[in-house]
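J.: According to TrEMBL, the protein has these features:
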COMPBIAS  7-27  compositional bias 'Basic and acidic residues'
DOMAIN    47-500  domain 'Amino acid permease/ SLC12A'
REGION    1-27  region 'Disordered'
TRANSMEM  50-71  transmembrane segment
TRANSMEM  77-98  transmembrane segment
TRANSMEM  119-138  transmembrane segment
TRANSMEM  158-180  transmembrane segment
TRANSMEM  192-211  transmembrane segment
TRANSMEM  231-251  transmembrane segment
TRANSMEM  272-290  transmembrane segment
TRANSMEM  328-350  transmembrane segment
TRANSMEM  370-391  transmembrane segment
TRANSMEM  397-420  transmembrane segment
TRANSMEM  440-460  transmembrane segment
TRANSMEM  472-492  transmembrane segment
Amino acid sequence: MSGFEDIEAKGFSQEKAHPVETTEAPRSEPDKIILEAGLRRGLLGRHISLISLASVIGASCFYGFGFALFLSGPLGALLGFSIVGWIVWALMQSVGEVTTMFPIAGGFIEHANRFVDPAFSFAMAWMYYFMWSVFLGSEWNGAILILQYWVPEEHMPLWAWTLVFFVFFGILTTLGVVAYGEIEYYLGWIKLLSLFLCFFLSILVNVGAFGNDYIGFKYWGHPTGPIVNGVNGFGQVFVLASAYYVGTEIISLAAGETKDPRKSIPKGVNNVVWRILFVYVGLIFFQGIVCPSDSPQLVNAASNTASSPFTIAFTQAGWSWAGDFVNALITIAFISAVNGCIYVQSRALYALALAGRAPKFFTTTSKKGVPYVSILTSCLWGFLALMNIGVTAGQVFSYMISVGGSAAYIAWAGIVFTHLRVRAGLDKQGIPRSSYPFKAFGSIWIYRFNLFLCLFLLFIQGFTAFEHPFNWRTFVTAYITIPTTLILFVGWKMWHKTHWVRLSEMDFSDRLVKLEDEESYVKPSFRSRVTALTGKVRRRHAQ
C-alpha cells in the first residue's frame, strides 16, 4: 500500500482509539471521526493553562526584544507588540471556539481538512511543519551561542553541541505526553517567576535603589525620543512582534492529548490575555525604562546574552554577575522552547500522516501512545544549526529562517479562515450559538477583520525589500511562501481531485459527542493527597 493515500475524511472515529502494542495508529476512513487516533489524553487542565501562558517565552524574549527597542524606541516597540497582541487574542478566540467543539488529533490542521478542503489543509500543514522545523534549527543555533558564554568553542565545538541536543531532546520528548506536560508546567513556572524577578529588579534599577542614578522615563525622551526611525522602524517592529507570538496556537494541536478538553481549552484560551499583557507588553515596557534604545550593545554586543537589555541595565547598575544571571534564564527558556517546538512539529507530522498526506510510518506510536517516529524525525531538523559552520551555508540558513517566519502568517490566516467557515456552516444548518461549548467573543466581524490583518501582515512583512536599492534576496525570502502554498494547494487538489466542502455538507454530528474521559478526572482534595503521600512514605520505611 502506498504511503501517500488520498483519504478525504469528513472527520475522525467517535470511538476512543485504544493504545495497543502495535505501532501504527488507525487510519482515518471517510465515515469516521478519530478523536485521539492512537495518542493518549494525558494533559491536564493545569498543563494546558500554563502551556498556553508560558509556552512562547523563548530564549530570544530575554535578548531579542532589544532589537525592537533599537528599531522603534520604547513606545514604538510597545505599540507594535500591543497591536499584534490584539490580533493574537482574536486568533485564539477562533482557536477556542473550533477546538473546544472538535478537540481532535491534528487540531486546526484536521479542522481545515474537514470544513474547508483537504488540499487547503495539506498546504497549510506542510508550511506549518516547515516553519517549526527551521525554527528548531534556529533555537539550537541560538542555544549554542548562549552556552558558549560559559564554554568557549575551542572546548566544545558546534557539532558536538548539536549531538548533545539531539540525544538530550530525543530522550526528553519520547517520554510521553504526561512527561511533556509536567516538564512544561514546572519550566513554565520558573520562566514566569524569572520574569517577575526581572521586572522587580528593573524597577529597583529605574529608581536608583542600587546607588545608580534615578532613570524614570529618561530613555523615553531626549535624545532619541519614545519613537525612533519613524514609520520604517515601527513597521519592522510590527513584523518582528508577529514572529514572537508564533506558537500561541499550540493548544489546538494539544487538544487530542488533553483530558476533558472542553474545560481545559477555554481556560488556556482565556489565559492569552494575561500572556499578552504580562509577558510581551511587560517585557517591552520594563526593558524600555532601564535600557536606552540607542545603546550600541543592543546590536553590536559580543554575544546574545550581552545584547539583552536586562544585561545592559544590570551591568550599568554595577552588577558584575548580570551576564551569568540572564544567561541562566535564557538556558531555561531554551529547554522549554525546544521541548515545545518538537512537540508541535511531531504532532503536525503525525496528523499529516494520519490523513494520508505524509508517509504512513509517521503514524507509528509506542504502546504508551508516543509518536516516536515523528518525534525523532522532527529532532533531526535541529542539525540545520550546523549550516552556520560555513559562511555560505550560514547565509542560506538565515534565509530559511525568514521563510519560516512568513509561513506563520499563512497558518494564522488559515486558522481564522477555518473558523469563519465553521461558523458559516453552523449558521447555514441552523445550529444555535447557545449549543457551542465555547463562544468566541463579540461579533463575527471581529474575526473577518482579523483575517484581513493576518493577510496584511503576510503581504507587508517584506516591505524593506522595496527600499532603494531593491533587495531581491529579501523579497524572495519574504514572499516565496505565497506561491509555494498555492502550488501545494493546487497540486494536491488537481492530483487527488479534492472538493471544497459546502456549508450544507459539513458534518457537525460529533460536536456534542461526550468524550470518554470527560468529567472522569476529579482533582483530589488536599487531605487525600496528603494521605496518599504519607502512605507511600510508610510503605517505603516498611520495606
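Just so you know, glycine gets a Cβ as well, placed from its N, Cα and C.
Nobody curates TrEMBL annotations by hand; they come from automatic prediction.
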J.: Can at least 3 Cβ pairs under 8 A be found between the transmembrane segment (231-251) and the transmembrane segment (370-391), with each pair 6 or more apart in sequence?
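T.: Answer no, regions not in contact.
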J.: Which range wins on Cβ pairs under 8 Å with the transmembrane segment (272-290): 119-138, 158-180, 192-211, 328-350, 397-420?
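T.: Answer, by Cβ pair count: 192-211.
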J.: Relative to the transmembrane segment (158-180), which of 77-98, 192-211, 328-350, 370-391 accounts for the most Cβ pairs at distances under 8 Å?
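T.: It is 370-391 that shares the most Cβ pairs under 8 Å with the transmembrane segment (158-180).
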J.: Are there residues at least six beyond either end of the transmembrane segment (370-391) with Cβ under 8 Å to its Cβ atoms? List them, or say none.
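T.: Hits for the transmembrane segment (370-391): 25, 38-39, 132-134, 136-141, 144, 158-159, 162, 165-166, 169-170, 173-177, 338, 342, 345-347, 349-350, 353, 361-364, 397, 400.
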J.: Which one, 77-98, 328-350, 472-492, has the most C-beta pairs under 8 Å toward the transmembrane segment (119-138)?
T.: 472-492
J.: If we skip the immediate neighbours and take only residues 6+ beyond the ends of the transmembrane segment (472-492), which ones have a Cβ under 8 Å from one of its Cβ atoms?
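T.: Contacts of the transmembrane segment (472-492) (Cβ under 8 Å, skipping residues fewer than 6 from its ends): 118-120, 122-124, 126-127, 357, 399, 402-403, 406-407, 410, 458, 461-462, 464-466, 498.
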J.: Any residues 6+ beyond the ends of the transmembrane segment (77-98) with a Cβ under 8 Å from its own?
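T.: Tertiary neighbours of the transmembrane segment (77-98) are 65, 68-69, 71, 108, 111, 234, 237-238, 240-242, 244-245, 248-249, 251-252, 265-266, 268-270, 272-273, 276-277, 280-281, 284-285, 288, 412, 415-416, 418-419, 422-423, 436, 438-441, 446-447, 450, 453-454, 457.
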